2 protein chains.
Amino acid sequence: MVLSLTNTAPDFEAQFKALLSGKREVSEDVDQIVRDILEDVRARGDEAVLEYTERFDRLQAASMAELKVTSAEIEAAVREVPAQTLDALQLAHDRIYAHHSRQVPKDDRYTDPIGVELGSLWTPVEAVGIYVPGGSASYPSSVLMNAVPAKVAGVERIVMVVPSPDGVLNPLVLAAAKVAGVSEIYRIGGAQAVAALAYGTGTIAPVAKIVGPGNAFVAAAKRRVFGTVGIDMIAGPSEVLIIADEGNNADWLAADLLAQAEHDTAAQSILITTSSELADQVEAAVESQLKMLPREEVARASWQDFGAIILVNSLDEAMPLSNRIAPEHLELAVADPEALLKKVRNAGAVFMGHHTPEAIGDYIGGSNHVLPTARSARFSSGLSVLEFVKRTSILKCNSDNLRALGPAAIALGEAEGLSAHARSVSIRLNI
Amino acid sequence: MVLSLTNTAPDFEAQFKALLSGKREVSEDVDQIVRDILEDVRARGDEAVLEYTERFDRLQAASMAELKVTSAEIEAAVREVPAQTLDALQLAHDRIYAHHSRQVPKDDRYTDPIGVELGSLWTPVEAVGIYVPGGSASYPSSVLMNAVPAKVAGVERIVMVVPSPDGVLNPLVLAAAKVAGVSEIYRIGGAQAVAALAYGTGTIAPVAKIVGPGNAFVAAAKRRVFGTVGIDMIAGPSEVLIIADEGNNADWLAADLLAQAEHDTAAQSILITTSSELADQVEAAVESQLKMLPREEVARASWQDFGAIILVNSLDEAMPLSNRIAPEHLELAVADPEALLKKVRNAGAVFMGHHTPEAIGDYIGGSNHVLPTARSARFSSGLSVLEFVKRTSILKCNSDNLRALGPAAIALGEAEGLSAHARSVSIRLNI
């Protein structure tokens with residue numbers, strides 16, 4: 001039985017709050033181990049990375065050079081990938097590239113009414129590291145979603161790290177890296193790979209920013225190197241909220257809820273609907289589709305532990321709930337999604353109408369699938385070109401407008417007790 | 001004697017690397033204390049905040065309502081501020097508002113060649129908390145720099161917290177809050193104030209993002225609540241790099257170096273110049289101006305411990321060094337600053353020519369003075385309207401273009417072992 005709520009029930013607010021504040025992640029306390037690994041790699045470089053790779057990935061190498069993936073290996077991997085999949089990767093790449101090209105911010109230089117020249121200039125981050133998990137969560141689509149925005153931004157050097165436990169590397173991931181134009185690839189992972197990217201080693205030059213998902217060790221390492229390098233957000237388990245009116249195909253909605261649930265036992269799928277009949281149909285459809293899924297066990301655990309169906313009287317009542325949930329993915333499976341979209345305040349990505357299952361956005365829509373989880377859409381956005389550029393402010397006074405603005409700057413400097421600030425202005429005005 | 005380097009010296013690279021990697025901050029280990037305070041405020045709300053405020057700020061209050069600053073108190077504070085200073089605050093506000101208004105990102109909705117509708121919609125963060133330090137670092141200019149971009153972004157609720165040790169509150173800070181349009185002000189500080197903003201209490205509704213500078217306790221608290229709310233960057237000590245050719249007034253440059261040095265003993269002022277004569281003149285001018293400064297002791301410590309003068313053969317040689325330093329503030333005190341600007345890759349803000357002392361940007365230029373420190377301009381930007389908005393991606397397929405894109409999504413879903421993803425597409429295509 002999945003959690004079922006009705007927004008007219010007397011205890012609804014309490015139950016909804018519990019749903020909002022429910023912890024879906026067990027945080028592993030790996031911080032001490034990670035700290036030691038980071039310090040060791042910082043001190044001993046390549047040698048330390050080689051040792052940890054042997055210990056954790058059971059992969060022996062005589063030198064870091066051996067852990068660098070060669071172009072011959074990449075070509076061999078590409079040949080292993082079926083043509084249809086390769087075409088799909090290329091189509092995904094091209095659509096992601098086209099969409100993200102619209103996100104490149106424009107420089108702004110202008111002169112204000114008193115003649116002061118101001119501006120904002122954007123430049124790409126010079127070198128970026130992309131972490132790609134190994135094993136079953138080694139997704140080629142994530143390679144594209146992280147690398148393409150960096151490429152569009154103009155990042156010159158994109159370094160990918162991907163662990164190959166027991167030497168196994170997903171050929172699709174190498175194919176995606178090639179399609180995306182990744183510059184260097186190393187088969188290393190864990191905190192040691194994050195350290196190598198952040199601090200650099202004899203073989204690997206340091207990067208300025210590290211992005212990409214990873215396990216608890218990777219997340220802890222990213223938190224710790226933040227400051228030395230930039231990082232993207234720390235992603236939590238995935239989630240979808242579907243808002244549906246009565247005119248829906250219950251099987252389609254059930255499939256969408258399960259597409260989210262199959263990610264992870266901690267994933268969350270929520271349906272808010274105005275139709276109690278649809279609610280019942282979807283619940284039944286989920287049950288029957290679950291039995292067909294290769295990842296039934298994962299999806300079932302997610303749906304039973306964290307899934308929910310919420311019945312509301314009107315779509316208007318659905319939107320405040322949605323904005324409080326601040327879902328990573330929001331499907332507006334309603335007759336008039338544009339009307340509801342106007343009321344969306346907090347959501348990572350919105351999928352409009354009946355023909356936009358969330359999985360289209362995961363792969364091929366063109367928008368990014370790296371999106372804010374765990375209610376962080378209240379204050380953050382999905383990955384974009386903006387994460388790979390930075391802005392420099394420009395200010396240019398001449399002697400005339402310095403004379404116009406100077407006295408106010410001097411007054412504020414003196415008021416703050418910062419006389420040298422005031423003096424750096426007054427000395428130029430001879431006052 | 002300040003550190004003097006010449007880029008043709010054989011040991012220059014080693015000395016420059018040491019300058020780059022020098023630690024200027026002593027990190028206080030306050031994390032355990034902060035963790036306990038956060039947990040306590042989360043559990044006991046107002047009551048806990050009142051207790052910590054009494055303990056740390058020696059300020060007794062019977063209820064949180066008493067710690068809320070009333071409009072009568074704000075009006076009284078405004079009356080205490082000299083008219084000239086109030087005018088300066090208003091001018092600063094208006095110029096900051098005008099500059100930041102150009103940063104508001106535009107929504108983007110479009111239809112791609114196969115009819116898929118895509119887009120990016122921007123919405124303001126709903127509620128923002130601004131931390132303002134107490135005591136001597138309680139700067140009205142920082143209130144403007146943090147609050148105005150939020151206001152321009154359309155943030156509805158801006159909550160300011162500012163500790164008042166022994167009941168003392170800087171009237172200028174209240175005046176700046178009024179000028180900026182801050183919604184609520186509480187005289188609380190430290191980790192307890194950060195916790196109150198992040199988790200909410202009986203009196204204070206939670207916010208979605210917290211910005212503003214603070215001491216080690218505040219910084220540790222912000223790091224810990226990150227995820228529950230958004231935070232801005234954790235600011236380090238301030239720094240300036242001046243690149244100067246021979247045509248400079250040494251007294252002006254010395255004043256600018258000292259304006260930075262007076263902030264903090266850990267501040268850093270660096271001069272790179274092509275003229276050994278100017279280098280000597282500036283060094284002498286710094287020495288003689290130091291004696292005139294009320295904050296001589298702070299500025300002298302900063303200059304002696306972290307200041308540097310670097311002699312180079314040409315301005316072209318200066319720029320790669322500047323980009324490696326990635327300074328928070330970069331003054332281009334040269335005849336042709338536009339030519340050098342083209343080579344700037346990493347810098348928080350650039351001050352062009354001889355008539356733009358950095359202090360103009362601190363107060364009145366219009367650009368933001370919250371800028372990336374400690375080489376983080378390699379991957380991050382100064383505070384802007386973008387920190388107070390978030391982007392929602394929009395995707396809308398119809399049955400035709402879902403049919404066009406579907407097979408590629410299905411191929412990638414299956415290739416990643418995510419059958420339910422594939423199924424959510426195929427079920428709509430009857431395949």
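Glycine is treated like the rest: Cβ placed from N, Cα and C.
Unlike curated records, TrEMBL annotations are generated automatically.
So that you can see what the record holds, here are the features copied from TrEMBL:
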ACT_SITE  A:GLU328  active site, proton acceptor
ACT_SITE  A:HIS329  active site, proton acceptor
BINDING   A:TYR131, A:GLN192, A:ASN215  NAD(+) binding site
BINDING   A:SER238, A:GLN260, A:HIS263, A:HIS329, A:ASP362, A:GLU416, A:HIS421  substrate binding site
BINDING   A:GLN260, A:HIS263, A:ASP362, A:HIS421  Zn(2+) binding site
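Neighbour counts of Cβ atoms within 10 Å were compared across the recorded positions A:GLU328, A:ASP362, A:GLU416; the minimum falls on A:GLU416. Put simply, A:SER238 (substrate binding site) is 7 Å from A:GLU328 (active site, proton acceptor) when counted between their Cα atoms.
Across the structure, A:GLN192 (NAD(+) binding site) and A:HIS329 (active site, proton acceptor) are spaced 32 Å apart at their Cα atoms. Proximity to chain B, taken as a Cβ less than 8 Å from one of its Cβ atoms, holds for none of the recorded positions A:TYR131, A:GLN192, A:SER238, A:GLU328, A:HIS329. Just so you know, the Cβ of A:HIS421 (substrate binding site) picks up 30 other Cβ atoms within 10 Å once every protein chain is counted. Fewest Cβ neighbours within 10 Å among the recorded positions A:HIS263, A:HIS329: that distinction goes to A:HIS263. DSSP assigns A:HIS329 (active site, proton acceptor) to a strand in the three-state reduction. According to DSSP, A:ASN215 (NAD(+) binding site) is assigned to coil rather than to any helix or strand. Here the C-alpha separation of A:ASP362 (substrate binding site) and A:HIS329 (active site, proton acceptor) works out to 10 Å. Listed in chain order, the residues near the NAD(+) site other than A:TYR131, A:GLN192, A:ASN215 are A:PRO133, A:VAL161, A:PRO163, A:GLY189, A:GLY190, A:ALA191, A:ALA193, A:VAL194, A:GLY214, A:PHE217, A:VAL218, A:ALA221, each with its Cβ within 8 Å of the site Cβ centroid.
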